[in-house]
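Okay, structure first, notes after.
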């Protein structure tokens, strides 16, 4: 078995929109971090080769171990990205890049591994009390899509991550307003999943649905060119666009519903961790948003949920951290 101290290791966190690359030069020490847009490259291998050529001067040795996190289920050697055009064979990619080992995991497996090493300043707590040691931790987060996984820390300190595709569960509206939003989405899609709303494109979809309401006929609206997740959230926070504010409030409420569903399903007394790039953009608003109230609005299970802390992950590159830890575990135990 290869020695675990062999560095550098090639790390990648590949989402629907961006691919983040880094070189782990020593345990938990990642350098040369770079973000590339997936749409700029025909294939994953092209993006990797571009990254390595750009950082050739920093490489004293060529990486022989690689660990990639991808935003799609891993169901064998062939990988097809859910939210971009890349497809690849793990084994062919390993050979093409000259690697001895290439580990490929779901992106939220990497996010979950990263949670295990986070410090207090990497997180912002939103309600709840204290995490229960060794209880399951729920990890989820809206980005280009919606990822969900579970982290379990055993009594001996070893880690186990359970991947899942919880972002694709059927969305259940909570009230009349959300029924209206659901009906709008149902007119466009055969299956209305949680990810349809709890993602960047979901924020736009919620806005479009709410703009059809009679009460919104005379309020200021965004132009087609302005209809992006970033602009919707920015206008929501400046107070001049009631429709944008209602959109963001609805988004946070819906996220509260899903986070509570996941917490109840897993018995996540170890806490709920929200990853992804969307929430940190408006963290101050999020702390006072409808999210926490909705999270606890579960009838007889309200008290159970009230004690569970929710943490927003503030760290910039948790996916790279996590995929490095996943590789470390794999090399030590020959399994994730």
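Just so it is clear, glycine is given a Cβ too, placed from its N, Cα and C backbone atoms.
The ATP binding site annotation in Swiss-Prot covers 12, 13, 14, 15, 16, 17. According to DSSP, residue 17 (ATP binding site) is assigned to coil rather than to any helix or strand. The Cβ of residue 17 (ATP binding site) has 17 neighbouring Cβ atoms from other residues within 10 Å, across all protein chains displayed.
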Largest tally of Cβ atoms lying within 10 Å of a Cβ, found at which of the binding-site residues 12, 14: 14
Beyond the site residues 12, 13, 14, 15, 16, 17: chain residues whose C-beta lies within 8 Å of the centroid, for ATP: 18, 19, 20, 38, 69, 70, 71, 84, 107, 144, 319
Neighbourhood of residue 13 (ATP binding site) by C-beta distance under 8 A, where only residues 6 or more apart in the same chain count: 19, 20, 68, 69, 107, 110, 317, 319, 320, 322, 323
List of residues, in chain order, with Cβ under 8 A from that of residue 16 (ATP binding site) and at least 6 apart: 38, 71, 81, 82, 83, 84, 143, 144, 145
